[in-house]
């Protein structure tokens, strides 16, 4: 058995598998965030979501329009979003960083399958708890523990997938990014359907969690099928040295096992390598990928700084009392963003301009800073109740919709380009490590964006 020929990705099977895996990394967490109103409702001491029809209707309205106030908010409910952000971003950043350094010590299959199974278990528990009543404090603590677990395993899963895609051709990072973009689209559609149906918030949340479980199971099945494809085995073998052992290794790979000697043979320092050599290797990779790494960090810093902290606070100037008032944020903000973000991510499958060494790439990335004043000068409601804003420049809904479309498309396209280019700027043996480091900088951008969002919202 040899690898002298270069097999084709028959029926785009590997591309589709990575697409589903990308979908599986973000869809569960997106559904979790979409159900935020369900969690805050259960923490309100004066109401129970499932016991009062009128309050359920108010909850559904709140899902559509964040300005609708829920009665008698508890202190736990009031701090839920802030604590959720903290419990999400810190593990995401920490575990992505750890994965960048420790992926040589833990096999790829353990990291990916273990993470998917852990996320599946958390969502099964979350779905079951929808039907269980408990004290608000206990529910709050359990929810935060679940958020930490989801984002910890999600960070390991995402970084491992980008590292795995790094050993394949450059355009195989694109399906991961595209799948993640589609995850946002699905959750936006689910949110709009929940509003239109008028269903109770607890029922909508249960549907979100069960759907997330189904997607994770599909991702597990796809990952198990990946080693059976000749295309994947071929490119994985290219990262292994020692032609005399190729046949044995390919047999192991076909069974879904990772060759024991992969770490040492791939040129990536193993667990017993001197720390100095390992550090020098990582420093060399960082130097090679610094431009795409810093670019993807900057992209997500700007994006998360504005979306949704600022953009979700924009009000329609033409809705009045029409139904558009309830649908404005779900459609003009969330659905609009997720559709164009997905289109931008997907475009890299057929177009990768500018090139990985072009100066235009960092220039285009830096130019996205213009969206900060553009979106902040839209019809954003005042931070304090009763306060009036007088410095609207782009008050009409059309301005906001157009800016959001360009904002989202540039985010998806440029971020996907950077994630594709990063692993291709190093030797093939270092591609997996480069992919993990790129994932770390992506998560760093998310964390910095979360911090920036507080500042930008305070300035409105």
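Backbone N, Cα and C atoms are what each Cβ position is placed from, and that goes for glycine too.
Per Swiss-Prot, the feature N-linked glycosylation site maps to 48.
Per Swiss-Prot, phosphoserine is recorded for 254 (among others).
What Swiss-Prot records for 273 (among others) is phosphoserine.
Residues annotated as region 'Disordered' in Swiss-Prot: 255-277.
The site 'Essential for nucleobase transport' annotation in Swiss-Prot covers 418. In sequence order, 292, 293, 295, 296, 299, 361, 365, 438 are the residues near residue 418 (site 'Essential for nucleobase transport'), counting only same-chain partners six or more apart with C-beta under 8 A. Secondary structure from DSSP puts residue 418 (site 'Essential for nucleobase transport') in a helix.
Marked as topological domain 'Cytoplasmic' by Swiss-Prot on the basis of sequence analysis: 1-12 (among others).
Annotated topological domain 'Extracellular' per Swiss-Prot: 30-82 (among others), in sequence order, evidence recorded as sequence analysis.
For 108-111 (among others), the entry in Swiss-Prot reads topological domain 'Cytoplasmic', with the evidence type sequence analysis.
Across the topological domain 'Extracellular' (131-138), DSSP helix (H, G, I), strand (E, B) and coil residues number 3 helix, 0 strand, 5 coil. Here Swiss-Prot flags 131-138 (among others) as topological domain 'Extracellular'.
Under the heading topological domain 'Cytoplasmic', Swiss-Prot lists 158-174 (among others). Residues 14-15, 18, 21-22, 25, 95-96, 99-100, 103, 108, 111-112, 115, 232, 235-236, 238-239, 345-346, 348-349, 352, 416, 419-424, 428, 431-436, 438-440, 443 of the same chain lie 6 or more positions beyond the ends of the topological domain 'Cytoplasmic' (158-174) yet place their CB under 8 Å from a CB of it.
Swiss-Prot lists 200-206 (among others) with the feature topological domain 'Extracellular', giving sequence analysis as the kind of evidence. Within the model, the topological domain 'Extracellular' (200-206) carries an average pLDDT of 86.
For 228-291 (among others), the entry in Swiss-Prot reads topological domain 'Cytoplasmic'.
The topological domain 'Extracellular' annotation in Swiss-Prot covers 312-323 (among others).
DSSP assignment over the topological domain 'Cytoplasmic' (343-359) gives 5 helix, 0 strand, 12 coil. Residues or ranges marked as topological domain 'Cytoplasmic' by Swiss-Prot: 343-359 (among others).
According to Swiss-Prot, the topological domain 'Extracellular' annotation covers 379-397 (among others).
Note on the topological domain 'Cytoplasmic' (418-435): residues 100, 103, 159, 162-167, 170-171, 173-174, 176-177, 238-239, 241, 266-268, 281-282, 285, 288-289, 292-293, 295-296, 299, 348, 352, 356, 361, 365, 442 of its chain, located 6 or more positions outside it, place their CB under 8 angstroms from a CB of the stretch. Residues or ranges marked as topological domain 'Cytoplasmic' in Swiss-Prot: 418-435 (among others).
Of the Cβ pairs linking the transmembrane segment (324-342) with the transmembrane segment (175-199) and spaced 6 or more residues apart, 3 or more are under 8 Å, so the two regions touch.
With a threshold of 8 Å between CB atoms, the same-chain residues lying at least 6 positions outside the transmembrane segment (13-29) that come near it are 88, 116, 119, 123, 150-151, 154, 157-158, 161, 165, 168, 172, 175-180, 182-184, 186-187, 211-212, 215-216, 218-219, 222-223, 225-226, 229, 231-232.
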